[in-house]
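**Q** Sharing a structure, written as structure tokens. Questions coming.
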Amino acid sequence: MELSPNRVREFFINCSKIPLLLLLLFFFVCSLDTLSSAFQLAGGKVAGDIFKDNAVLSNPVAGLVVGILVTVLVQSSSTSTSIIVSLVSSGLLEVRSAVPIIMGTNIGTSVTNTIVAMMQAGERNDFKRAFAGATIHDCFNWLSVLVLLPMEVATGLMTHLAHIVVTSFNIQTGEDAPELLKVITEPVTKLIIQLDRQVITGIAMGDERMRNRSLVKKWCHTGLVTVQTLNTITVSTLSSLSSLSPPDPLPHHVTVSTLSRHLFADAHLSDLTVGLILLAGSLALLCTCLVLLVKLLNSLLQGQVAKVIQKVINTDLPYPFGWLAGYLAMFVGAGMTFVVQSSSVFTSALTPLIGIGVISLERAYPLTLGSNIGTTTTALLAALASPGDKLAAAIQIALCHFFFNILGILLWYPIPVTRVPICMARALGERTAKYRWFAVLYLLICFLLLPSLVLGLSLAGWRVMVGVGAPFVGVTVFIALVNLMQAHSPGHLPARLQSWDFLPRWMRSLKPLDRNVHRRCVFISLCKCVCLWVCLCVSHTRVHLL
């Protein structure tokens with residue numbers, strides 16, 4: 001094939017895009033790290049206060065909701081897990097009571113990639129695929145909790161499994177979890193902000209001194225310095241002083257601290273103010289990187305190249321090994337998550353690829369499940385670095401997290417008909433593509449309103465919770481079953497239930513709500529235009545008078 005000048009130029013242009021792609025990915029990961037720090041500054045102390053109430057945490061449903069809310073607040077499941085491990089190892093929380101909280105952190109950590117998916121709302125088809133790819137993580141976690149939480153409360157299955165593993169093996173204290181991606185990103189993120197994460201843990205453990213301490217790290221310890229000091233002696237007369245020999249200097253160890261080197265080290269601002277500044281900046285950087293990443297990927301993955309990549313990623317293995325492709329994808333997801341040490345980073349990076357159609361939803365599902373396993377292996381390695389007296393509890397909690405994800409995979413993956421999260425995520429994607437505001441409503445309901453409502457009901461007592469929750473769950477299950485039968489076998493339903501047309505329109509369709517949302521959006525836009533016009537008129541009048 002003859003190489004024309006245009007082909008050569010196109011080749012070099014594409015090659016130059018690869019370093020730019022890696023640079024954008026680097027800043028994308030840095031923005032996620034800074035976003036997590038911003039949420040911890042804004043809500044970290046509140047999260048610590050939530051963990052402090054042991055009476056609430058002993059209720060499994062309340063514990064689950066606390067895990068969700070705290071992880072949403074601090075945007076880091078590793079921070080939530082480290083607090084839980086500290087509470088268990090100090091004896092303030094039992095392992096069995098901590099398991100529902102671990103389940104909640106698994107749900108809460110999936111909010112990040114859902115936020116990332118909303119950045120692709122500009123293109124309807126891309127948004128549909130991206131939102132489905134992001135919410136598949138939510139659907140898997142919620143379905144797993146609905147089955148495994150009652151099982152854990154009734155039998156203590158995961159607690160017993162973890163206890164058997166801990167007592168069967170002579171596990172020794174090891175090194176810290178290896179830092180792979182953080183070695184590259186920390187030099188940049190540490191110049192922006194450094195946090196003292198012991199403050200949140202201290203508040204959770206009831207240390208009142210930590211309440212007035214800032215999360216922003218002002219000073220960093222550089223080491224111990226040996227200082228020579230003189231003994232103090234007392235003499236009664238001048239003659240006795242002349243007879244004394246000079247005192248020997250005594251060594252003393254002094255800790256030397258230096259001012260931390262980051263943007264907010266010397267800023268006299270509250271934690272909330274710093275958090276809001278970082279939140280705005282990190283979201284702006286996240287949006288910019290994501291938009292540029294999508295545009296760059298679209299320009300690279302065009303024509304024959306896109307077809308080849310899609311075929312390699314989404315094609316199953318040859319018969320009879322086709323079923324192994326999904327498990328291989330799980331292995332890849334676990335390995336990549338171990339490298340980046342964050343399931344949020346991996347799934348967030350996966351979301352734009354799903355949006356532009358490079359990775360199918362069916363292939364994204366096992367990759368996400370593997371990511372769930374990968375993040376638990378990092379927690380296990382971190383637990384191995386615990387002191388000897390805290391080692392067993394730390395490993396037992398990490399293993400409970402691991403078994404939760406393994407049991408969830410066994411429930412919702414091996415048999416194709418059980419892969420319900422794929423159908424749920426696809427339905428959410430289609431609904432969101434039709435009504436884009438539904439994405440915001442989904443985030444508010446699933447990660448804020450519903451957990452807060454369940455927490456309030458659980459605090460009111462089990463009678464109130466059962467009285468309100470049982471009818472709600474019953475109606476939800478009934479609607480889901482009727483919808484399923486309407487789609488697959490409507491003839492088995494009574495004539496009245498073969499469609500929802502007998503219900504008022506606002507109960508069976510989002511169109512009335514969509515019209516109201518659009519009217520309000522148009523009204524707000526008109527108000528902005530009027531305000532801008534008035535401001536311009538006033539400024540023009542002032543200039544004319546001058």
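Just so you know, glycine gets a Cβ as well, placed from its N, Cα and C.
TrEMBL annotations: computationally assigned, not manually curated.
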**Q** In TrEMBL, which of the ranges 8-34, 62-88, 143-169 has the transmembrane segment annotation?
**A** 62-88
**Q** Counting only CB pairs under 8 A, let me know which of 62-88, 272-297, 391-415 has the most with the transmembrane segment (435-454).
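**A** By Cβ pairs under 8 Å, 62-88 leads among 62-88, 272-297, 391-415.
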**Q** Are there residues at least six beyond either end of the transmembrane segment (391-415) with Cβ under 8 Å to its Cβ atoms? List them, or say none.
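**A** Residues 81, 84-85, 88-89, 95, 98-99, 102-103, 106, 140-141, 143-144, 147-148, 157-159, 161-163, 165-166, 171, 173, 326, 330, 365-366, 369, 372-373, 376-377, 379-380, 382-384, 421 contact the transmembrane segment (391-415) from elsewhere in the chain.
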